Amino acid sequence: MMRPLPETGRRGLCLVVAAPSGAGKSSITRALLAEDPGLRLSVSVTTRAPRAGEQEGVHYYFRTQEEFDAMAAEGQLLEYARVFGRSYGTPRGPVQKALSEGSDVLFDVDWQGYHQLRSALPGDVVGIFVLPPSLDDLASRLEGRGDAPDIIAQRMAAARDEIAHVGEFPYVVVNTHLPEAIDQVRTILHAARTETKRQGWLRHWLGGLGLSE
C-alpha cells in the first residue's frame, strides 16, 4: 500500500523580486505578503537613524556603523551595500532559521544583492525581474507620482542600468496589468516551492518504499 505523503518537511526559499523604480514591484510584493502566510519579508539591518513609528526588529535592525562593519567582517550578513551614505544588509541568522523551518523569505534588494544572496545561499534563491511594458510607460508612471523632472531623469537613468541586468535572472514578468503580474509571480513561487530538491521529507519517504532519489 502506498505510504501517505507528509505535509511538512519542505525547505524554505529566498524570493528576490527586482525591478526599476516605477515598475510595480512594491504593489506586487505587498499583494503576495497580504495573501500568503508562508511568505515573510526579510528585515534588514541599517546604520540610518529610526524614523517616526519604526520599530526595532519589525522595520529594521538599527545598528551603528561600527556594529554593522563587525557583522560584515564576521560573516553575519548575507548581503550588504552602502546607499546614500548609509549601510544596509541582510542578517544571516533570521533568514537561515526561516528556511530551516520551511518558511519563504521575500527580499527587497537590487541585482547586486541578488547575486550576493545566490553566493551566500546557493540553491535557495529564486530571482524574478519585473519589467514595465516600455520605458515610455515607466516614464509616465514616474510622472504620475508627481516627481520633479530632474528626479524623474535620475530614476530613468537608474532604470536603464537596472534593466541591463534582466538577463541574469531566471524569470521575468512584464507588468502590463497588475493583477496578471501578481498571478505570474505567484505561479513562479508555487513552482519553486514544489521543486524536488526542496522536499526534505522525500528521501525518507522513498526509503520507506525501498527506493532512493
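Every residue, even glycine, has its Cβ placed from backbone N, Cα and C.
Remember, it's a predicted structure, so these values are computed and weren't measured experimentally.
Here Swiss-Prot flags Ala19, Pro20, Ser21, Gly22, Ala23, Gly24, Lys25, Ser26 as ATP binding site. Classification of Lys25 (ATP binding site) by DSSP places it within a helix. Other Cβ atoms within 10 Å of the Cβ of Lys25 (ATP binding site), summed over all protein chains shown, number 21.
Regional average pLDDT for the domain 'Guanylate kinase-like' (12-190) in the model is 95. Positions annotated as domain 'Guanylate kinase-like' by Swiss-Prot: 12-190.
Within 8 Å of the centroid of the Cβ atoms of Ala19, Pro20, Ser21, Gly22, Ala23, Gly24, Lys25, Ser26, where the record puts ATP, the same chain has further Cβ atoms from Val130, Pro132, Asn175.
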